[in-house]
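A quick write-up on the structure given underneath.
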Amino acid sequence: MGSCKTRGSPRIQRLCPYDCVSFVTGVFSEIHLLQIQFMTCTNNVTELVIAGLFQDPEMQKVCFVLFLSMYLATVVGNGLIIVTVSVSKSLHSPMYFFLGCLSLVEICYSSSVVPKFITDLLAKVKTISLKGCLSQIFFFHFFAVTEIILLVVMAYDRYVAICKPLHYMNIMSCQLCHMLVAGSWLGGFIHSIIQVLITIPLPFCGPKVIDHYFCDLHPLFKLACKDTFVEGGIVLVNSGLISLFSLTILVSSYTIILFSLRKRSAEGRRKALSTCASHITVVILFFGPAIFIYMRPSSTFTGDKLVAVFYTVITPMLNPIIYTLRNAEVKVAMRKLWGKKENSGMGQ
């Protein structure tokens, strides 16, 4: 049998068909082995470690007491508003219906992050499963966007009440109010499911320490074993469109309201502005930190954690205080509610 003759370099000329087949087979075997190793590597993270807010044990104990008190105040304050709006007949209007719904969302929103955060303050090693992390991301964004849309709905309610007072009850019917609230929950769900669906396919093969005190998208993206520029862009567009659209409606509503108030008397302007001041304050407190975090590229600023504390812990606690202190009807209704309870207790 003659030797294998090919043109080219001497090294190639020495390869016969059997050697060529062996070489190609070996290359494909190596590629297949690398693929198996990569697939195994991408699926080897099932538990994540949360870095936390502070590393000093004494500071963590102080934060535990402080943030536990704030969380309890959030639940009690918002819960009291829900009960007051539900029981008091004087508050059975669209504005207070939306306020009660907002308080419910505030409790859920804070509860998606704070209880885990508080318990981690007393733990030496702060861990969370990857599935638990994705669940926290889903519920956190779900309730956050639901709150954003509810704030827009409340701004529209104030616009109709002030600019079209004669048609207010016809426009803001019970059916429309329920549809607007249901739409806010649906919008939050759609936004959140998109965020989670683009995160689930990401490969995580280490490191597994999240540089935050709870699971969020940008800190989790940094742990992925691939470039997350596209995913980060989708998150930025998704969050940015909702924020910009909501802010546009909010600013437009209150601009129209302010122009319409020029025709009112001083007393009329004072009453109208008093009902809007609480809402504007809550909008600023919520949108300011959220825009700082989500409407810019991912960063490593340590200040991001402190900003996140503001909108996950402090703002939900402040909302009941803001609405009750600046709203005489809510304060009167709360006094009547507590007065009834005291009288019923004395009667027993």
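Positions of Cβ are set from backbone N, Cα and C atoms, glycine also.
Annotated transmembrane segment per TrEMBL: 64-83, 138-156, 176-198, 241-261, 273-294, 306-325, in sequence order. Look at TrEMBL and you will find 77-323 tagged as domain 'G-protein coupled receptors family 1 profile'.
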Would the transmembrane segment (273-294) count as touching the transmembrane segment (64-83), if touching means at least three Cβ pairs under 8 Å and pairs must be 6 or more apart in sequence?
no
Local confidence of the prediction over the domain 'G-protein coupled receptors family 1 profile' (77-323), expressed as mean pLDDT:
90
